[in-house]
Every structure is written in structure tokens, then in C-alpha cells.
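A short worksheet on the structure shown next.
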Amino acid sequence: MRIEEDLKLGFKDVLIRPKRSTLKSRSDVELERQFTFKHSGQTWSGVPIIAANMDTVGTFEMAQALAGFDILTAVHKHYTVEEWATFINTASADVLKHVMVSTGTSDADFEKTVQILALNPALNFVCIDVANGYSEHFVQFVAKAREAWPTKTICAGNVVTGEMCEELILSGADIVKVGIGPGSVCTTRVKTGVGYPQLSAVIECADAAHGLGGMIVSDGGCTMPGDVAKAFGGGADFVMLGGMLAGHEESGGSVVEENGEKFMLFYGMSSESAMNRHVGGVAKYRAAEGKTVKLPLRGPVGNTARDILGGLRSACTYVGASRLKELTKRTTFIRVQEQENRIFNSL
């Protein structure tokens, strides 16, 4: 046993220090980025935000809506091959360019992903997702996926430390998914005692990944547009959002009514709700590591997307970054004990 005494920070622990700027308007900020990925060799351009691969966020409807904002969607892994075929037949080439195919690490998951990718060559992204990316089996699966799909861009996770980030990139991942426990409906940290403050995880993993020519996506912990800006400021190439995109018309959650008001269910993918729905319940040897919440219906996701992108543009103007690419170089974090004046928050 040992104790590391280095301070680790989350998004709530910092603010971004403003700097002189020559920008006249938020409209001068370019949020689109262009990436060429290390292993696949593919080039992609767009706004580097990803809707999370949760079945109450990463839906086909969400992909259709967010493609209009140049945003990616990691479509959840519980759609059947037949449902994928129907979606692909109706979706435009531009929508498919903004879609990630999500998979687990079982043999059945692999075979299903092979079938989905064979439906259309425009499906260029694969998201290999497990809660704990530190297992040897996971690393071997990433290597197997890279061998099977040499020209597909592979996103794999989740991990929170530099050495494992490097391991996944060397095994074939183009993008490493960073985050253990920060999600709004994740209870891993309280159930297991395991985790890592998200901002520090992003900073450390970005440093490791970029040294090898890889990239990272910050997954979890964003509760407002300012957190998205902080993630990019900390070095994230992409930011994945779950809770911020839940509760919308396109989110796919079940709608319940209480006292005449409608709510949408949103749950973590390791929650009892998710396991009851997809695997017939919580196995005897494990505990649920997620919760279920009821969110007021929030209307079309486009309104939220505009709010997030507007906040991101504004953050860039405050530090003089004319392009999102420059935000990291222009960011200085200051440690704080408060984020906002909360006097009227209860009203």
C-alpha cells in the first residue's frame, strides 16, 4: 500500500483565467477540428463532442439530430443488426460520418460488430467500451479489433492513468476514453472506492497519449457547458457527454408520469435498470454501479447543443482562442473554492 500526495482536481475545483483577446465576436471562433488518426490513417473533421454510448443517450435519433451540428454519436451496443440495417438505409452519408459503432468485448459482441460494419463502408468509428479498461483481456481485444479493422478508427476505454493510456494506444487504439466514476448516474466511486478526479485524469492522459501520437476523449463529469470548455482546456481532443444530453426527445428513455408531469428515465449502464433490461438482472457476484433518475422532459436536443456550443465559443473568446484547437494552449487554470453565486439557485 502507498499514498500519492499529489493534488488531483475535478472540474469543480478550477476556473479558466481570462486573457487578452483580439476576437470581436463569439462568431469568430472556429469549433471544427480536423484529425488524422494514428492507426487507421483516417481523417475526420467536425466538432469533437460525442454523445455517450448509453441506451438513453446514444440512439439513432440522437445521431440524426447531432449530425446537423457536426457532433458525433456513439450509438449504444444494444441495437440489433437488423435495426442497424434499417437505420443505415434511411440515414444520409453525412449522418453516418458522425456515427460510432459501440461494442463490448465478448465473442458475440465482436461477431455482431463485424456484421454491422459490413453493412456500410461509411461506418468508420468503433467504440470499444468497458467499465474497467485495465484488464489484460481488454487490451487483447483492442489488439484483435485493430487487426480485424485496420482502417477503422478505434476508441477504447475507460482508463484514467497515463501508463494504461499508452498501453491501449500501443495495442491499436486511436482514441482512449478517459474517466472512471465521474458520470452523473455512475456510482462506481462510492460502490468500489476506485476513481480519479476527472480534470487531472484528462491532463495526465492527454500528455501520455499525445506523446505517442494518440488522442483522448474525456468521458463523464461535465454538468454544464463550462465543464466542456475545461475538459478541452485540459488537453482532451474529444469530450463525451451523457447526462447533459439525456432527457430529450431523441434520448430514447422511457417516459413516466407523476402528478400530471412527465419525466424521462435516465440510468447508468452498470445500474440495476440497465442490467435488468439487457442481461436479465444483476448477477449474484456483482453490485450495480449506477443509478436511475427521472429527468423533466427537455424538448429537442438541438436547443441543448446550441447552448453547449455557444458556451464553448464564449470560453474561447475569454482566452483569445480563435479556434478550439488553440484553447489548450491558451488555458491557465486557477484553483477555486466556489464556481458561482448560488443565492437564487433554489428558486
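Just so it is clear, glycine is given a Cβ too, placed from its N, Cα and C backbone atoms.
Per Swiss-Prot, NADP(+) binding site is recorded for 108-131, 216-239. For VAL126 (NADP(+) binding site), the same-chain residues 6+ apart in sequence whose C-beta sits under 8 angstroms from its C-beta are MET100, VAL101, SER102, THR103, THR113, LEU117, ALA145, TRP149, LYS152, THR153, ILE154, CYS155.
Within the same chain, residues at least 6 positions away in sequence whose Cβ sits under 8 Å from that of GLY181 (K(+) binding site) are THR188, ARG189, VAL194, GLY195, TYR196, GLY220. Feature annotation from Swiss-Prot assigns K(+) binding site to GLY181, GLY183.
Per Swiss-Prot, active site, thioimidate intermediate is recorded for CYS186, and the stated evidence type is sequence analysis.
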Residue with minimal Cβ packing [other Cβ atoms within 10 Å] among the recorded positions ALA108, VAL114, CYS186, CYS222, VAL228: ALA108
CYS186 (active site, thioimidate intermediate) and ILE216 (NADP(+) binding site), distance between Cα atoms, whole Å: 20
Nonlocal residues around GLY234 (NADP(+) binding site), in sequence order (Cβ under 8 Å, 6 or more apart): LEU199, VAL202, ILE203, ALA206, SER218, THR328, THR331, PHE333
Fewest-neighbour residue among binding-site residues, criterion Cβ within 10 Å, set ASN120, GLY183, ILE216: ASN120
